[in-house]
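*Asks:* Have a look at the structure that comes next, please.
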Amino acid sequence: MALERLCSVLKVLLITVLVVEGIAVAQKTQDGQNIGIKHIPATQCGIWVRTSNGGHFASPNYPDSYPPNKECIYILEAAPRQRIELTFDEHYYIEPSFECRFDHLEVRDGPFGFSPLIDRYCGVKSPPLIRSTGRFMWIKFSSDEELEGLGFRAKYSFIPDPDFTYLGGILNPIPDCQFELSGADGIVRSSQVEQEEKTKPGQAVDCIWTIKATPKAKIYLRFLDYQMEHSNECKRNFVAVYDGSSSIENLKAKFCSTVANDVMLKTGIGVIRMWADEGSRLSRFRMLFTSFVEPPCTSSTFFCHSNMCINNSLVCNGVQNCAYPWDENHCKEKKKAGVFEQITKTHGTIIGITSGIVLVLLIISILVQVKQPRKKVMACKTAFNKTGFQEVFDPPHYELFSLRDKEISADLADLSEELDNYQKMRRSSTASRCIHDHHCGSQASSVKQSRTNLSSMELPFRNDFAQPQPMKTFNSTFKKSSYTFKQGHECPEQALEDRVMEEIPCEIYVRGREDSAQASISIDF
């Protein structure tokens with residue numbers, strides 16, 4: 001009995017184990033069947049496989065019918081100096097329509113939706129072989145709300161570009177050339193490639209600049225300088241802008257003509273790519289990037305009036321960071337950096353040494369000049385003669401009437417004697433003429449004659465003395481009454497001689513240092 005019960009328990013346990021193991025095996029089998037199958041989100045368009053030499057892609061749900069109201073875009077990119085070759089499988093069906101107005105497949109020669117159109121395809125027949133003229137191809141699949149079909153499956157591969165056969169065919173591997181920038185603003189420069197020697201002279205340029213904005217910000221790009229050596233030849237040189245990553249799907253703009261416009265990115269990561277072949281090394285660009293947030297603006301940001309808020313540190317910094325120059329309007333002109341602000345450490349050292357040398361020489365010169373005059377003054381004091389300086393610098397002392405008393409009295413005595421003799425002679429001559437002639441006309445002539453005689457007498461008297469420089473002149477006037485003779489006939493002109501005015505100018509001259517004086521007498525009637 002006990003053995004039978006034990007056997008029954010073992011059977012139950014065995015059955016339970018087998019059931020559990022069976023369930024586990026079934027679960028593993030189901031999981032194994034799901035390996036390699038990827039659930040495609042509703043927003044993704046089919047399967048796309050990429051390789052270094054090409055790849056393949058298909059319409060959504062291929063080989064089943066594609067969904068209605070679907071739009072998928074595929075952008076193919078080859079390596080530099082290569083083209084793209086596109087082929088389709090035979091299992092192909094897209095709703096046919098006139099000029100493919102409804103469901104269709106659109107292929108363009110380039111990376112954009114506005115690139116040259118190659119053709120539109122629909123119907124039951126697969127498209128022929130398609131080749132691009134450059135390294136990009138833009139493909140769009142579109143379906144409407146009715147009549148879905150099988151769809152398509154396409155393969156693409158990269159082939160050498162025959163336009164570059166003169167350069168040796170396929171391009172040699174280009175060295176890594178990448179740069180990173182971040183912050184509120186900054187400048188992307190193509191000249192950085194040569195400065196950091198990322199490429200060798202004569203080598204093609206294929207460089208990437210990755211820009212990271214400040215947190216929660218987007219990026220605004222503005223070209224400060226732009227020049228393509230071969231304009232409108234995108235195969236040879238271009239500047240491309242990507243929004244979010246360097247993937248071809250995120251290509252925002254591409255410039256290879258003569259003009260480059262501003263670009264607003266929707267994310268905080270921007271990628272700038274420059275391509276220039278060996279013959280386009282003169283191509284260059286310089287680009288300003290600015291981090292911005294959308295309004296409303298905070299206290300730490302500035303409103304640019306163009307749906308932009310930039311950091312306050314970028315206002316009035318001499319650079320236009322807004323799309324319009326609102327941030328640089330109403331700014332006070334900043335003073336230019338002074339001379340001392342521009343002096344570097346080396347300049348300061350040179351100026352300091354030079355100034356020290358000049359200062360030492362100046363001090364030595366001052367000491368020499370201070371000591372030298374003192375010696376000269378000491379030498380002059382020993383040879384100083386007060387008497388000589390007294391004679392040279394003291395003015396001469398003049399005394400009026402410094403004649404000796406004897407000489408003055410003798411001169412005055414001689415002068416008075418001469419005057420008396422002259423008066424007597426004059427009276428006698430006048431009286432005799434008036435008595436004998438009995439007229440007054442002769443008296444006038446006698447007066448004239450007397451004056452003539454007086455002048456003749458005066459000349460030798462004045463010539464006795466030389467004419468030195470006069471020092472002072474004084475006049476002595478003597479009034480004397482004239483004698484009148486009453487004759488039988490009165491003379492009317494005799495009244496002129498009632499008074500005799502005698503002026504005796506005395507002039508004193510000093511000759512040299514001698515105290516001698518001379519006098520001259522002039523008598524006028």
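These residue numbers are counts, starting from 1, taken along the chain as shown.
Even glycines carry a Cβ here, placed using N, Cα and C.
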*Asks:* If you check Swiss-Prot, which of ASN311, ASN385 turns up marked as N-linked glycosylation site?
*Replies:* ASN311
*Asks:* Against which stretches of its own chain does the domain 'LDL-receptor class A' (296-332) lie, if we need a Cβ under 8 Å and a gap of at least six residues from its ends?
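*Replies:* Long-range Cβ neighbours of the domain 'LDL-receptor class A' (296-332): 184-185, 214, 220, 222, 262, 288, 290.
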*Asks:* How does the model score the domain 'CUB 2' (177-292) in terms of mean pLDDT?
*Replies:* 91
*Asks:* Tell me the residue counts in helix, strand and coil for the domain 'LDL-receptor class A' (296-332), as DSSP assigns them.
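*Replies:* Going through the domain 'LDL-receptor class A' (296-332) residue by residue, I get 7 helix, 6 strand, 24 coil.
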